[in-house]
Amino acid sequence: MKFAFTTKGDPKSNTLMHKMRSQLLEFDLIYDEDQPDIVISVGGDGTLLYAFHRYSSRLDKTAFVGVHTGHLGFYADWVPDEIEKLVIAIAKTPYQVIEYPLLEVIIRYQHGGKETRYLALNESTVRAVEGTLVMDVEIRGDHFERFRGDGLCISTPSGSTAYNKALGGAILHPSISAIQVTEMASINNRIFRTVGSPLILPSHHTCMLKPVNEPDFQITIDHLTLLHKDVKSIQYRVADEKIRFARFRPFPFWKRVRDSFISDKN
Ligand code: NAP
């Protein structure tokens with residue numbers, strides 16, 4: 001089996017990575033940065049986001065596993081004290097693969113520019129370059145609302161515990177194939193109206209955002225922020241691709257939610 005690492009880059013994560021790497025090589029596993037079967041992310045959930053984007057072109061051939069060197073994570077669930085156990089598990093046990101849905105983002109441009117396509121593991125957000133974001137929101141091809149406010153966030157189920165949660169979105173179990181649309185400070189008064197609640201769309205529904213006047217936007221894809229000019233539309237839906245996690249022991253999602261946000265005590 002071929003393996004690779006991504007690390008947060010701090011001394012603790014790097015030391016841990018070197019230790020795991022020598023142990024895996026002793027088990028005759030092959031270090032291959034370009035075509036790994038398993039990618040071990042050492043750091044936090046943010047590090048796993050980087051790992052995902054680094055290997056997003058080979059998602060069907062790669063499984064991810066995360067070790068956290070800071071606080072408990074959603075994607076990084078192994079602790080430094082357990083790395084020997086994890087190394088043996090990687091080397092010796094056929095692992096179970098758990099798949100989580102991803103968000104597909106297609107940005108189309110005015111004047112016939114070539115469209116761009118992205119995959120997000122957590123979410124994509126849209127903001128105006130300056131001032132209030134004004135966009136028409138279409139759901140499944142029908143006009144839904146004209147949004148005015150700070151921005152919109154479209155998240156995956158596993159990203160629902162990240163930015164989406166801070167915006168008052170629901171936490172979705174990652175076995176649900178859906179995307180969630182949440183508002184950032186919408187303007188609501190007697191003239192301007194938005195639904196105000198987070199929306200959860202099934203995998204066969206598309207959410208399309210269309211500019212009303214200003215066609216330039218700041219669009220994030222997980223940790224990446226990009227300026228897109230002359231945008232005609234931004235299309236969101238559940239992607240056909242999925243991220244695969246190597247699972248060596250049960251780690252229930254709701255336990256992770258509780259341990260992260262409520263208490264890790266019994
Ligand atoms: P960052 O600003 O350095 O870290 C953002 C925090 O979000 C980190 O504590 C990270 O955990 C945590 N996180 C990432 N994915 C998560 C998930 N699925 N569930 C729960 N927590 C999660 O940025 P970054 O490390 O480059 O990560 C980018 C992410 O930051 C974005 O995808 C967005 O979700 C999140 N973000 C959140 C807010 C907010 O909550 N107000 C605002 C902007 C962006 P680790 O410490 O384990 O890495």
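Each residue's number is its place along the chain shown, starting with 1.
Note: Cβ is positioned from N, Cα and C throughout, glycine not excepted.
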Given that TrEMBL assigns Asp45, Gly46, Asn122, Glu123, Arg148, Asp150 to the NAD(+) site, pick the one from Ala4, Ala89, Ala91, Ala185 that the record assigns to that site as well.
Ala185
Would you mind listing, in sequence order, the residues at least six apart from Asn122 (NAD(+) binding site) in the same chain with a Cβ closer than 8 Å to its Cβ?
Leu49, Ser155, Thr156, Ser158, Gly159, Ala162, Tyr163, Asp222
So which binding-site residues out of Arg148, Asp150, Ala185 are up against ligand 1, CB under 6 A?
none
I'm trying to understand the geometry here, so how far is the Cα atom of Asp45 (active site, proton acceptor) from the Cα atom of Glu123 (NAD(+) binding site), in Å to the nearest whole number?
13
Can you count the other CB atoms that lie within 10 A of the CB of Ala185 (NAD(+) binding site)?
12
